[in-house]
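Sequence annotations record features per position, and here TrEMBL assigns domain 'Glycine transporter' to C:5-79, C:91-163. Among the features that TrEMBL reports, transmembrane segment is placed at C:6-23, C:30-50, C:56-77, C:89-105, C:111-136, C:148-166, C:172-191.
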Amino acid sequence: MFLQTIDILGTIAFAISGVSIAMDKKMDAFGVLIIAFVTSVGGGTVRDVLIGITPVSWMTDITYVYVIFGATIFTVIFRQKINYLRTSLFLFDTIGIGLYTVVGIERGLAAGLHPIICIALGTMTACFGGVIRDILCNEIPVIFRKEIYATACILGGITYFILGQFPIPDNIIFMAAGSIVITVRLVAVKFKISLPSLYKNEEPI
Amino acid sequence: MFLQTIDILGTIAFAISGVSIAMDKKMDAFGVLIIAFVTSVGGGTVRDVLIGITPVSWMTDITYVYVIFGATIFTVIFRQKINYLRTSLFLFDTIGIGLYTVVGIERGLAAGLHPIICIALGTMTACFGGVIRDILCNEIPVIFRKEIYATACILGGITYFILGQFPIPDNIIFMAAGSIVITVRLVAVKFKISLPSLYKNEEPI
Amino acid sequence: MFLQTIDILGTIAFAISGVSIAMDKKMDAFGVLIIAFVTSVGGGTVRDVLIGITPVSWMTDITYVYVIFGATIFTVIFRQKINYLRTSLFLFDTIGIGLYTVVGIERGLAAGLHPIICIALGTMTACFGGVIRDILCNEIPVIFRKEIYATACILGGITYFILGQFPIPDNIIFMAAGSIVITVRLVAVKFKISLPSLYKNEEPI
């Protein structure tokens, strides 16, 4: 129940971020809806397809469709006001990626995959919705360029497997790993930390 | 037999649209062929992968490969003349999306999915070939911006499930839903109707 | 053992090409790693998903992850020096696509698919990593525009099935088909052969 509430808050935050970007690109109503959808469920869809869980998760639980549809309509109507919610949305989004990361990891474990692959699946679940959104909007995915977003997921995933070495109850591990993702991202945004670009300019003479 | 003929006409129309766009992008022969292919079978492929029908449909029926190959060669050779066929192609394409929509819905039903998901699958089948084509050509997908294309599919899908409430034979429902898709698109193009962009300019002072 | 060595050399060459392009796009460390990954395993992943081999191959053999990770770090550190290896890398890459093509064909055969589909799968395995890399980097895929890359794979695939008509041992066919891919590409690059663009300029007056 608690987890499902978080999941839905995360879905809403992702959908709203999709709507905002799609509207900036002057898409029509259908385009906006699709981008909202893809941003919310894209990561989990890629994960499910790669592992072989089909039909993919959002197809078998209609709740997501309603939530995304509602969030899209709400955002379109109250677009001018949505800025006041910016902090809440950022929090939902951050909590959402924390949750998505751990869910992705557990799907990988259930499929019997190696821990490193599970961490990759958790990171995909949290991040690839945004990647597909950016591709559909004809941008280089933002997480490849400047946000310490994926890194937070990877650190959370590593935490998950380190704690798994000790006799700690599963749900504590779940919460701890998710919290690491959330904390790393909050700290990074607060202090404007980002990964270095690996590009070096030629030294000017 | 009748349905298969329509299916093949739709495949040809989609392939030709892919060839035209790929040639405008100055792609080489291989690029043109791939874009023709993706435009024709991309939507059904995404649908099959998401539901878990693998190997995907075009891999198990070689007819599509021959048809797309033939349409590509024909279009490349007669490119200058293809404009004379523009009206026929538009009709094939429109009939094609009507058919693809209903085929997608029925695949979803066969997998036991919710009607809303089935409508989404029908719309994907009809539209996502064009979406992948546009991504490969480095454009924001055209159906997200101006054509009342997906909307026609969605309305056809809704018709399908409304009629399904009544004791109407399956093939009548099939034809009716497909006809709604076709009619909506023809009317929209005729009267230049499109979905509104949700973007609002800031008021000028 | 021999084949696995080639496979790993090919993976390394693909990863390095991904790293170079991602760094040119000024991506951060995470972006560079993802692009390296996608370039290496993207083709095989698309193939596996379309056929229905899940979890996809790289998820069940952790070697690839280590190899790609190592190649990425190496390339980032020695970027200035990597140009000296350009010829070796081109050779690895070319040998890699020869191998990938034949591996793809054999996966298709194992799934009971038509020879033409198998050739398409072989070509995908060899080429689609680069296609996804280019899409993520917001470029029209280079193989659609100028390299005689896919054509080499297709010719190798045709060779595979022609030789299969004769009583020739499987591993000879494997080597022969791979060698055709390699030879065609080497010759094409040596003599700067590329497929013609199908685009014709309007005659200037």
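Note: Cβ is positioned from N, Cα and C throughout, glycine not excepted.
Of the recorded ranges C:89-105, C:111-136, C:172-191, the transmembrane segment (C:148-166) has the largest number of C-beta contacts under 8 angstroms with C:172-191. Through the fold, the transmembrane segment (C:89-105) approaches residues 3, 6-7, 9-14, 16-17, 43-44, 47, 82, 118-119, 121-127, 149, 152-153, 156-157, 160, 174, 177-182, 185-186, 189 of its own chain, all at least 6 residues removed from its boundaries and within a Cβ separation under 8 Å. For the transmembrane segment (C:111-136), the residues of the chain that approach it from at least six positions outside its boundaries are 14, 17-18, 21, 34-35, 38-44, 46-47, 50-53, 96-98, 100-105, 142-144, 149-150, 153-154, 156-158, 160-161, 181, judged by C-beta separation under 8 angstroms. Packing against the transmembrane segment (C:172-191) from elsewhere in the chain are residues 90, 94-95, 97-99, 101-102, 105-106, 126, 148-149, 151-153, 155-157, 159-160, 163-164: each is 6 or more residues past its ends and has a CB under 8 Å from a CB in it.
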